[in-house]
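According to Swiss-Prot, the features are:
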BINDING   124, 126, 142, 145  [2Fe-2S] cluster binding site
DISULFID  129-144  disulfide bond
DOMAIN    85-178  domain 'Rieske'
REGION    1-35  region 'Disordered'
TRANSMEM  53-73  transmembrane segment
TRANSMEM  114-134  transmembrane segment
């Protein structure tokens, strides 16, 4: 049941004790004045509020950006590294031609010269561009900066610091099998 009546009556105020009447009107009594004034109160409150708002903003930003970044960056593929792998069919690399295959985590270019297969890394050691086989010149050529390699992956000319990594390639039946050299 709700109470009704005058809560600021003189009889009620006197029963509450000394100083109750002025305090109920909004004034603070019985306290001593603050030595530094009210400057510190505002700045402490503002600093606290800035930290709270900043913290909430950071939580919102992280909770929003995390799924976006997770979506954009693909998960690391876990490729089982093997010493030997069947990568394709022999008919895919006719005489005088080449083809790039995936071997473990590496790209390997296989060249067929008169039925003999040669395999080296297809990634130029200069800046990581893919090399091409030029049968007329009997060499690999990197279109990015003009690096040239022999059939075995050795350096002919260009800015590359290292030769191409060598692999072993052979044909069994109609399958091309690449293995680590």
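Any Cβ shown, glycine's included, is placed from N, Cα and C.
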Intrachain neighbours beyond the transmembrane segment (53-73), with Cβ under 8 angstroms and 6 or more residues off its ends: none
Residues within 8 Å of the 124, 126, 142, 145 Cβ centre (excluding the [2Fe-2S] cluster site residues themselves): 125, 127, 129, 131, 144, 146, 147, 158, 159, 160
Among 124, 129, 144, the most crowded of the recorded positions [Cβ within 10 Å]: 124
Long-range Cβ environment of residue 126 ([2Fe-2S] cluster binding site), under 8 Å and at least 6 residues apart: 142, 144, 145, 147, 158, 159, 160, 161
For residue 142 ([2Fe-2S] cluster binding site), the number of other Cβ atoms found within 10 Å of its own Cβ: 23
Cβ atoms near residue 145 ([2Fe-2S] cluster binding site) (within 10 Å, other residues, all chains): 12
